[in-house]
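**Student:** Sharing a structure here in structure tokens format.
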Amino acid sequence: QVTGHLDDCACDVETIDAFNNYKLFPRLNELLQSDYFRYYKVNLKKPCPFWNDNSHCGIRDCAVQPCPSDEVPDGIRSGSYKYSEEANNLAEECEEAKRLGAVDGSLSEKTQQAVLQWTQHDDSSDSFCEADDIYSPDAEYVDLLLNPERYTGYKGPDAWKIWNSIYEENCFKPQNVRRPLAPGRGDDGGHTFYKWLKGVCVEKRAFYKLVSGLHASINIHLSARYLLQDTWSEKKWGPNVTEFQQRFDEVITRGEGPRRLKNLYFLYLIELRALSKVLPFFERPAFQLYTGNKTHDTEMKKMLLEILHLAKSFPLHFDENSFFAGNKKEAAKLKEEFRLHFKNISKIMDCVGCFKCRLWGKLQTQGLGTVLKILFSENLIEKIPESGPSYGFQLTRQEIVALFNAFGR
């Protein structure tokens, strides 16, 4: 049921599907498996700035209990820990500590060395996100491949409160306009809401659609990697069609589901546009995807540039020139509002009670914040010198990792 033209775009669903599924995603997925993109530094211990909430999710799949890397022999990390009794005991303790689904913070010594060198490449100048202080003792590197985004059992009032706060307080929506399917309200099928949405400026409409697209992306991953079986002998994750239908089926959601999915395509187009725009930053010879393995780093940069050129070749890009195009003074005011609203959303991610969900929420909001930063820095990117430092426009390693992983989602 999700077909055809996308509102506010010159593109349609089928064109995106063909381009993504056959050309872009297989390459992007390979890039995201590489060392540079799999380690993300995050502070999961920041207190929630908006409400006093210590209701951390008690489900073990939410847990974050990284094993200190000096206690974990290499064999355990590679999964071949059956070779010595000592390693076996350690492995069991470690498994017990982190349980299934816990965020695994263990890194090998070699990686730690490379990681120290990465931090020297990081230059903080973020404007759309409340970035973590990566030098804080609470900030840790997390291996994203060991901690996939999936259903952890975190739901109910706490999870609802997060999304409610995002939609009600940060999407420019007046209190008297009820959003579709909000619980406990007389729903008019979203008529009032969509009438309001149609009447607001293109920027505010885009903001709502980006948040809705992000929400849809997260819900799709939770439905696709759902805990299907949980017994003492094994856990089985896989697609839960019922869960997916409850969130997206046209009949069950009274027409809302397909709209949510179209907003996901809108988000894709905006992120794809940013990748096509940021090419000059990555093309400079001085830019390296630095991990310390020279051959591998060169290969990965080549692959990264192929992906960006591919993004640029997409025939029906979103035209962001309609954004903030009116009266200069009004446009600047609106842009600042946009920035502050998004910054607020990035702070709300520190209120998520499930640490696994918090990790992916923070990563994806930072990725989208980086997308917005790129789209609003077009003039600066065009002026980047081919050699020497890029003073006007800078991306930190954190932003780069978040940008590509969020797009990968």
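Glycine residues also receive a Cβ, built from the backbone N, Cα and C atoms like all the rest.
Because TrEMBL annotations are produced automatically, they should be read as predictions rather than curated entries.
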**Student:** According to TrEMBL, which candidate among Cys201, Cys357 shares a disulfide with Cys354?
**Tutor:** Cys357
**Student:** Test of understanding: give the count of other CB atoms lying within 10 angstroms of the CB of Ser212 (FAD binding site).
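**Tutor:** Looking across every protein chain shown, the total is 23.
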**Student:** Can you give the largest Cα to Cα distance in Å, as a whole number, for the residues Arg150, Thr152, Trp163, Ser212, His215, Arg247 that bind FAD in the record?
**Tutor:** 21
**Student:** Sort the recorded positions Cys129, Cys354, Cys357 by C-alpha distance from Arg150 (FAD binding site) and give me just the closest.
**Tutor:** Cys357
